[in-house]
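To keep things clear, I will list the structure first and then write my remarks on it.
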Amino acid sequence: MFFSLLLMLGLTEAEKIKICLQKQVNSSFSLHNGFGGNLYATEEKRMFELVKPKAGASVLNQSTWIGFGDSRTDQSNSAFPRSLMSAKTADKFRSLSGGSLMLSMFGPPGKVDYLYQGCGKHKVFYEGVNWSPHAAIDCYRKNWTDIKLNFQKSIYELASQSHCMSLVNALDKTIPLQVTKGVAKNCNNSFLKNPALYTQEVKPLEQICGEENLAFFTLPTQFGTYECKLHLVASCYFIYDSKEVYNKRGCGNYFQVIYDSSGKVVGGLDNRVSPYTGNSGDTPTMQCDMLQLKPGRYSVRSSPRFLLMPERSYCFDMKEKGPVTAVQSIWGKGRKSDYAVDQACLSTPGCMLIQKQKPYIGEADDHHGDQEMRELLSGLDYEARCISQSGWVNETSPFTEEYLLPPKFGRCPLAAKEESIPKIPDGLLIPTSGTDTTVTKPKSRIFGIDDLIIGLLFVAIVEAGIGGYLLGSRKESGGGVTKESAEKGFEKIGNDIQILRSSTNIAIEKLNDRISHDEQAIRDLTLEIENARSEALLGELGIIRALLVGNISIGLQESLWELASEITNRAGDLAVEVSPGCWIIDNNICDQSCQNFIFKFNETAPVPTIPPLDTKIDLQSDPFYWGSSLGLAITAANLMAALVISGIAICRTK
């Protein structure tokens, strides 16, 4: 893939000819300047192309993610074969048809109760639709959407800080003797599994208003094999319009309060000190607040008549931060949905929402097998280099045309304009340099360019500036910076980029913890920071480009030196090197076959250190490049590949 050209120049003495290694440059070449050497090239290309994120969900590592779902990810469901994802992806989900995390938390009568649990750095949630307005769950509340919103938000928040999570479906408890398990007409003559309803008989006509309820529950440090550092607990209580609505018999105010082991109030409602704020008439409503509690023993105190007892929780190990993806979970036509999942994710730092642009149109049935959702989830079959609210990227380029919206994780590209990305020479390359490069053998080569520039993420301007990359002194002959200087420059850039990449990723993770989608000021600040990083990276790439050009030029000159040395060795006394890369041969002493041996290697073998591609040799004259200026024309499919002799010609002048 590389070619060299030899030029023969005629001398005035008829029996002698002058043959030189020579550049062949015309107006189609462009000049590229570098640190330590320059290049002529027939083509040029950008160091990186802009990439465009793909819409939908993906993961950074196939072995470290887990999903939580329902019938749309349940392979045992009859509608699954025409559902939304591959069987391979569905295997990663903990799912049961008809289930949802909230259904398992509260356990309304007649609904699916599934033990959700699992571990993974990245958690994908595609569930929630089974608790929606279509489910028509009442139990002292006509609309559970705001509770669902707070529940899902708490789940996403804690999941983003944990490696493992699990439903704890049976808390240890102690209840007072005077209460019994209760039911409610508007709960199908039953009640929720969590909280459980306990009732106490009250006889005010006999001046017996009942006793205050005192109960205890324990949040475990471990549930099965799952460690519990923090629990999500639903603190539920009734809301009454007034004291008279709660207790028309004059037996005191309503209260339902949770205390920790030190006696501190952690949740509940106390109408002994707080006003009544209900608006439901004679029927109370039930409110459930989401509490994040550490393992331990807690007490519940309530007024007579009713006790709402926490009997379930979700436990989290809080061991590892990681991405959370929430997939919009809505019904197809004919069923009413809510958008609690969407709102919960958008208001939770670190949560990426996968959202449809069109109504859900199922293919297996009205509610399973939507084509748009299938496309949005197809990325779960692959590993991405970057995942973000804008989509996922698996290309190696560090630049994208548009700013990727946070949150984002992985090796994410920065926004840049195409015209700002530096260009490098390509196609046929010819080095130019000072006149001393073929008489002084270079000490060493420079390697590692591809490793250095492929996969760059974020870099910033370092304190040393550009000058910090040009260590060492210039050669007195004017041939550019020394090779040792260039090597140190590459090493410094590599080290700086690795350090800055690490520190920048840490900074981005901290920003993910702070950013929510409605915090415009933080979003604007993040955008400014990323724009600065993009400009810094482009500046670094400009330096790398200049060093790269110089490195290629030096490398080609070294190969040229090897070629010249081999020719001189083969010629022995038959050719006299009169200047770097030029020899005089007596045509009467060294005939055509002799010249073929010296310059064409008998058309059988190239220079031993240079792998062959084309060993044909032709000689041609180009008097414009007479003298000691040296070069080697190459094709640059691989910038650091070895050279091959090709295209040497002899021109005689008597």
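Quick reminder: no glycine exception, Cβ is built from N, Cα and C everywhere.
Residues or ranges marked as topological domain 'Extracellular' by Swiss-Prot on the basis of sequence analysis: 15-629.
Residue counts for the region 'Fusion domain-1' (15-40) under DSSP, helix first, then strand, then coil, are 0 helix, 12 strand, 14 coil. Taken from Swiss-Prot, the feature region 'Fusion domain-1' applies to 15-40, supported by sequence analysis.
Taken from Swiss-Prot, the feature region 'N-acetyl-9-O-acetylneuraminic acid binding' applies to 157-309, supported by sequence analysis.
Taken from Swiss-Prot, the feature disulfide bond covers Cys209-Cys251 (among others). Its Cβ placed at the centre, Cys251 (disulfide bond) has 18 other Cβ atoms within 10 Å.
Feature annotation from Swiss-Prot assigns disulfide bond to Cys228-Cys315 (among others); the stated evidence is sequence analysis. A C-beta separation below 8 Å, combined with a sequence spacing of at least six in one chain, links Cys228 (disulfide bond) to Ser166, Val168, Leu219, Pro220, Thr221, Gln222, Pro295, Cys315, Phe316, Asp317.
Secondary structure at Cys288 (disulfide bond), as computed by DSSP, is strand. Non-local neighbourhood of Cys288 (disulfide bond): Phe106, Ile147, Phe151, Pro195, Ala234, Ser235, Cys236, each in the same chain, at least six residues away, with C-beta under 8 Å from its C-beta. Sequence annotations record features per position, and here Swiss-Prot assigns disulfide bond to Cys236-Cys288 (among others).
What Swiss-Prot records for 309-363 is region 'Esterase domain-2', and it gives sequence analysis as the kind of evidence.
Sequence annotations record features per position, and here Swiss-Prot assigns transmembrane segment to 630-650 based on sequence analysis.
The feature topological domain 'Cytoplasmic' is assigned by Swiss-Prot to 651-654.
Cys251 (disulfide bond) carries neither a helix nor a strand DSSP state and counts as coil. Within 10 Å of the C-beta of Cys315 (disulfide bond) there are 28 other C-beta atoms, taking all protein chains into account. Taken through DSSP, the region 'Esterase domain-2' (309-363) splits into 7 helix, 13 strand, 35 coil.
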